[in-house]
Amino acid sequence: MIPGSAVYHVVEAMVPLYTAAVLGYASVRWLRAFSDEQCAGINHFVALYAIPALIFRMVATSDPYGMNGRLIAAATLQKAVILLSLCAWALLLSSYRRRRRHGGDGGGKASDLASPMKWVVTNFSAPTMSSTIIIGVPLLDGMYGTASGSLVAQLVLMQVCIWYNIIIIIFLYEYMAALDGGSAKISPEPPALVENCTRDNEGSNINDGVAGRSEIIMEVVVAPSTARDSPVAAEATTPAREVMMSSAGAAMTAEVLGVSPSVSKYVIWTAGKKLLKIPNTYASFLGLAWSLIASKSGIKMPKIVDDSLLTISTAAVGLSMFASGTFIARQKRFVPCGYGMASISMALKFLVGPVVVLLTSVAIGLHGILLRIAVVQAALPLAVNSFVYAEEYKVHADVMSTGVILGTFISLPVTVVYCMLLGL
């Protein structure tokens, strides 16, 4: 059973989060202190500066040589299983929608034609991205002793270096942004020139600046007007989805997004280049490089550097919750995504995530305290960073904000239940 002191420490960690969220909500809903543009600016600052500083500081102070291989393997396998399952669902759904359109259903609604990739990233984030540092450390320290805090830090290292940056931000968010003709939303550079491409009635070449910036020798043209009535053209509603390669007989085989392989390669290349422009990338891998050197040699980060990072990174969590509060205040409902979607989000977070990691942990051979830590950390609330990125990329921010705020409320009783069940 969790001692009362541990519960108090968790409440100590939770109350400041809600203080920031309530302040953000009140500032917009009642005080009208911030406009929509200013709220977006706050979120952009968090994504561009505060979170990278926090990531670098967390990774740089970790010990990559002392990681528990089986615990990392169990958590990684959980995420891989969920991601692959969601991708399989997306492939089946896309295939079913295309068969319906080919069968003469008229193409369906616009919302039905949207790629399920956005739901892949949302439904992947909900059960796998946990608030391990803010709530996980005090909770698990109270449950299983201070040694559990270092184990949680190991999971954070993998989460911020691999899953946030390579899987969620780049492979999914940036892929969708490039496909839709956008650019890296958290890059300090201006939007990509692809947003300014011009078209005539019969279709024309995309602005030459796009090819120059992408450094790809290819001819990318807008689909002719005669092809816009096809099932693929009906699905491609944005400028980037309307582009096709000049080779007329290219088969449209990219199942999830409904684009040709050549266009898919172009978009992947574009999204990959954005990886080099995002501050999180530098923060993750420079922090990892420093930790590898510092752990071996025993050197410490200069205090002036550490204090500078601390000053900026301290703002990350508070401003993230503040931005979540401002987002909810700008919606028509207090639960922006609706109660049905909120229930699904909570089920993914507190049921699917822990159950899957329990199965993967057993498969890996975890038992005892390590098994309990793996399951309980999966039942922690959704990481606030997930909302920041969802808002930056405009991908289901309503679901993410509800998951963060509502999930933080109910996480304590849920983790207590899991602790009791695992102790039987």
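One-based numbering along the chain as shown.
Placed from the backbone N, Cα and C atoms, the Cβ positions cover glycine too.
As recorded in TrEMBL, the features of this protein are as follows:
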- 6-28: transmembrane segment (TRANSMEM)
- 40-59: transmembrane segment (TRANSMEM)
- 71-92: transmembrane segment (TRANSMEM)
- 119-140: transmembrane segment (TRANSMEM)
- 152-173: transmembrane segment (TRANSMEM)
- 282-299: transmembrane segment (TRANSMEM)
- 311-329: transmembrane segment (TRANSMEM)
- 350-380: transmembrane segment (TRANSMEM)
- 400-421: transmembrane segment (TRANSMEM)
*Other than its close neighbours in sequence, what residues sit by the transmembrane segment (350-380), given a CB gap under 8 Å and a spacing of at least six beyond its ends?*
68, 70-71, 73-75, 77-78, 81-82, 126-128, 130-132, 135-136, 139-140, 143-144, 148, 151-152, 155, 407, 410-411, 414-415, 418-419, 422-423
_Considering only Cβ pairs within less than 8 angstroms, which of the stretches 40-59, 71-92, 119-140, 311-329, 400-421 has the most against the transmembrane segment (282-299)?_
40-59
*Long-range Cβ neighbours of the transmembrane segment (311-329) (under 8 Å; 6 or more residues past either end)*: 16-18, 20-29, 34, 39, 42-43, 45-46, 49-51, 53-54, 56-57, 134, 336, 384-385, 387-388, 391, 397-398, 401, 404-405
